[in-house]
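The following features are taken from TrEMBL:
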TRANSMEM  B:7-31  transmembrane segment
TRANSMEM  B:51-81  transmembrane segment
TRANSMEM  B:93-113  transmembrane segment
TRANSMEM  B:119-139  transmembrane segment
TRANSMEM  B:146-171  transmembrane segment
TRANSMEM  B:183-203  transmembrane segment
TRANSMEM  B:224-241  transmembrane segment
TRANSMEM  B:247-270  transmembrane segment
Amino acid sequence: MKYLRALAARIVGQAIRIFCRAITAVRADWRGIEPVPRQRVYYSNHTSNADMPMIWSVLPPALRREVRPVAAADYWLKNKVRAFVGPEVFNCVLIDRRPEVDDKPLDTIIKALDDGSSLIIFPEGNRNMGDDPLLPFKAGLYNMGLARPEVDLVPTWVANLNEIMPKGEIIPLPLICTVTFGEPVHVQEGESKDDFLARAADALVALRPEDDG
Amino acid sequence: MSPTTTDIILLTLASGGILLALTIIGEILHARRGDEDSPVLETYMTRVQSWWGIIIIVGLALLSGKVGVMIVCAFASFAALREFLTLTNKARADHISLALAFFVILPLQYVFIGLEWEAIYTIFIPVYAFLLLPIVSAIRGNSDRFLIRVAETQWGLMIAVFCVSHVAALVTIDFPNYGDRSLLLIAFLVIVVQLGDLLDFFFGRRIGRTKIAPTLSPKTVEGLICGVGSAIIIGGLLHWITPFGVYGAMVMAGVSSLVGMGGNLVFAAIKRDRGVKDWSHLIPGQGGFVEQLDSVIFAAPIFYHLTMFFWVI
């Protein structure tokens, strides 16, 4: 049964990847960084639920096997299908967002890093519905960078998804999606939290293509 | 084997022969250079490789007849519309009308062509889509840049669906005493327009002096004259696959090639306006489907209507 589930997860993963490619012709643009198997945290803008599958789909297989998206437990455990796709297909690191639960999300994330996984995170915390390119970042990215300074923090811009699949729409539009990976950032010695988060956000916005938005 | 099939195989093999020569030239240049890297040669080789793919797909589509042509053209329309609408202005309010463009209007256009309902497929997009899609967008009530949004969507549909589908529509033309040979009109159109482009590029590089629109494109008057001239000669040489006769074939080839080159310029202007170099990266070495098709897109509806006007009605 275990093997069967693992096989099913692989098949569903491939199907999602092929679907993303067929609909949006999603393409990776490695700008300032190479697609090599190093431990990394890909931090990305968040406008749509399809952001994470897009990034996941464009990673080369060797990198995809090592990557774990950090995601909200309340979303991915809502029903049986999601509980299969989130933890088993994408191998998500699930974070409990409920205020009454007092576990430390950072500990879970650091543990995943110590296991050798790379991560995909959305430091804005929520989907960005406004006109600004990014919402203010949460502290998590800074804390990760501080706790594990050797890990590359890679800015990852997903373009066009707010038009492909806006919140509340059911039919995705087949527009071309580009995922741009930029030069990694690290927390510098003595750098304050706000300075670092501003610098990380600037590095991400700099990857935004001119025609986006 | 029917004469049409034989001719298609002959044309595919001849195109393959030209490509084989180009591939061998590339390989020889490559071997001469040794380890030295040459970006120009690399680009040339990737382009030749993409051309192999294109010729194989077009050849197989023509051999499989009407259905194959419909499928390949519908796919090209989809890819071109996707590239086009990625770059246009749109808002949340357009979501449903854009979904209709991709998933209803595009397939319906090809269904109408498949059913050979000429009275419908020649006006479906310019009339029905033109009027109905803005209504769908207006219902959602966002007036911001409204005219720009609906105009650009309609332009995308005209270019990527209406124009591209007229390549497929050539199959449905019924000439007296011509049988299933209207398939060969597609081969004729694509060959004269694409070879005209290629020779325009070649001569433009060699002897081009006077730029037509210096701010838009490196295209030159000399290149254009040589390109259209070559297309006319090639059209004359290929007259036996058309019902036009020698001179008719030459005129049709010249007009198609000239209109196609105008299409190049128009698409260069759109790209410049949107600040992009390529429409997409789907065809290695060439950019996107729109890049590859731009001249054929412009030439197809005019070729179709001139054919209907002078040889059918």
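Each residue, glycine too, has its Cβ placed from N, Cα and C.
Automatic, uncurated: that is what TrEMBL annotation is.
If you look at the transmembrane segment (B:119-139), the same-chain residues 6 or more away from its ends with a CB under 8 A from one of its CBs are 93-94, 96-97, 100-101, 105, 108-109, 112-113, 146, 149-150, 153-154, 157-158, 161-162, 165, 169. It is B:183-203 that, among the stretches B:51-81, B:93-113, B:146-171, B:183-203, forms the most Cβ pairs under 8 Å with the transmembrane segment (B:247-270).
Contact count against the transmembrane segment (B:93-113) (Cβ pairs under 8 Å) is highest for B:146-171, out of B:7-31, B:51-81, B:146-171. Taking Cβ pairs closer than 8 Å, the transmembrane segment (B:51-81) reaches residues 5, 8-9, 11-12, 15-16, 19, 22-23, 101-102, 106-107, 109-110, 113-114, 156-157, 159-161, 164-165, 167-168, 171-172, 180, 183-184, 186-187, 190, 282, 288-290, 292-293, 297 in its own chain, all 6 or more past its ends. Listed as Cβ neighbours of the transmembrane segment (B:146-171) (distance under 8 Å, sequence separation of 6 or more from its ends, same chain) are residues 66, 69-70, 73-74, 76-77, 80-81, 83-85, 88-91, 94, 97-98, 101, 105-106, 109-110, 113, 118, 121-122, 125-126, 129-130, 133-134, 137-138, 182-183, 185-186, 189-190, 290, 293, 296-298, 300-301, 303-304, 307.
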